[in-house]
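Undergrad: This is the structure I want to talk about, given as structure tokens.
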């Protein structure tokens, strides 16, 4: 046992303890970077880690406020043993929790590519199996993070106990002691207040997530600079948008508009519409969409989807608008992008909206949504009701728990068979939408396929193979149905997930998903298409293809409209809008351009073209401003239907 250091210096003890707390944050950042280093090629590690201290300070101050106040309180009661024990246990418990948050995000980052924010409490508020998932996460799938947490906390407690505060041998008069330490309290409070705000200038706004941008080369690196407690604290009760006024009404109309008027010359088709959103089905895993990989040893995991693409209209430059399941359905169903926070969790989730269901309802379509999870999961059932779907089919309607996967819901294969058979009872024309779930952490597959699907380097690969097979079985069944040839099938992913190939770690690669339109009755609507498209384009593309004659609001555009604007927009936490059009992708934080790359010739986004004089920089920046202004005005004013103009 090492000899303990005893001192009567309150300042020394408090500074020592605070440095210990900060060391937990730095150690967690090192672990975060170590496990996720493939996401940050070429990063300036020194700058990222030093910049991180700027965010560790406010996080440590806020979460340890009781410790700070008790330690600075200008009274000799601070030398009392019981008083010190209260401080000790508070510090240990609070920082054990914040360390756990940071370590958990080391793993969660591989699924979301961002630091976890306060919205997570709403995102999983409807999950009845949350505790089961939490226990599995800690002690089964990522047990090594729990081990690292225990080791760090043991070392922290040992170090904390190594310096002991003892009473001064010479007792000072109470009045003198109180006066001196009141001054120390006030000075310390001012210093800590400045550190918590991120600066001492009176004009400095409290430091926020987007301030991490000053230390990074690429937006994704902000997650190294930030820490999870800070990210969560700074997003509690965060307003999702404010009105932007970059342009006049007339100027905005020439740059971007969400108001859509149909092409009156298009013949109307009374076809059924089937939209299938596949969990975590990133473009990385689809072999047919990786014909020119940067890695010569590329391997895909979707043999059926590859074969289907040969008979479909498939977009290789297609992007998800968000990085979470909860963001996907508003994008696919209602053409609402993921800005600031998922729409269904935002202040505007009660707005009136139009959707593919509400528009087709006026054309006499019946609509139904299918998801094999327990009814109410992720708030999907509530959103589908708002979006205008007639019926919802979940685990309750499936009514056979023998096919429950033990975690999320019904296995994809049996649920997709149920999906096909149930659609056979619908009167045409109909709209049906499905969200799969098996290719989700913990990436289990049914026992009978344990030796069939061998997977690959990522845990997700085997789940992808299983879901691809389930999709094959679905089409085998559906192709025998009388409605099959009079149907347009749309297949996409909710978001990307685990990444193996480096080209999918870029700010653009993290959003690459397949968007596939399969029309067995239209042999002309086929081919690989390089047009830029996104999830919010699916709604207007279907309306355009069907020739529906209704005005509607969509923040995307029809992929088959040769006169339209073809772009993609993503929101990169914290605060950067990524807009992709033509050959370029550009970042805009609301005030300035943060990056610009030619994503076709520079697929790894290594050569920043920002400020090099390209005319496309202003064009893309104006487009970003236009989208931000149009969305904020319509969301805040509740003008998200054509009736609101």
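Using N, Cα and C of the backbone, Cβ positions are placed for all residues, glycine too.
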Undergrad: From the candidates 251, 279, 284, 633, give the one listed by TrEMBL for the same Mn(2+) site as 494, 495.
TA: 279
Undergrad: Between the candidate ranges 55-74, 115-134, where does TrEMBL place the transmembrane segment annotation?
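TA: In TrEMBL, residues 55-74 carry the label transmembrane segment.
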Undergrad: Can you tell me which recorded stretch out of 12-35, 55-74, 86-104 has the most Cβ pairs within less than 8 Å of the transmembrane segment (177-196)?
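TA: Against the transmembrane segment (177-196), the leading stretch is 55-74.
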Undergrad: Listing them in sequence order, which of the binding-site residues 279, 494, 495 have their Cα within 10 Å of that of residue 440 (substrate binding site)?
TA: 279
Undergrad: Any idea what the Cα distance is from residue 494 (Mn(2+) binding site) over to residue 325 (active site), rounded to a whole Å?
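TA: For residue 494 (Mn(2+) binding site) versus residue 325 (active site), the Cα atoms are 5 Å apart.
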Undergrad: At least three Cβ pairs under 8 Å linking the transmembrane segment (142-165) and the transmembrane segment (12-35), pairs spaced 6 or more in sequence?
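TA: Checked: the transmembrane segment (142-165) vs the transmembrane segment (12-35), in contact.
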Undergrad: Using Cβ atoms and a strict cutoff of less than 8 Å, what residues sit near the transmembrane segment (86-104) while being 6 or more residues removed from its termini?
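TA: Apart from its flanks, the transmembrane segment (86-104) reaches 17, 21, 24-25, 28-29, 31-32, 59, 63-64, 66-67, 70-71, 116, 137, 145, 148-149, 152-153, 156-157, 160, 227-229, 232.
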Undergrad: Which whole-number value in Å describes the distance between the Cα atoms of residue 279 (Mn(2+) binding site) and residue 325 (active site)?
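TA: Answer for this pair: 8 Å between alpha carbons.
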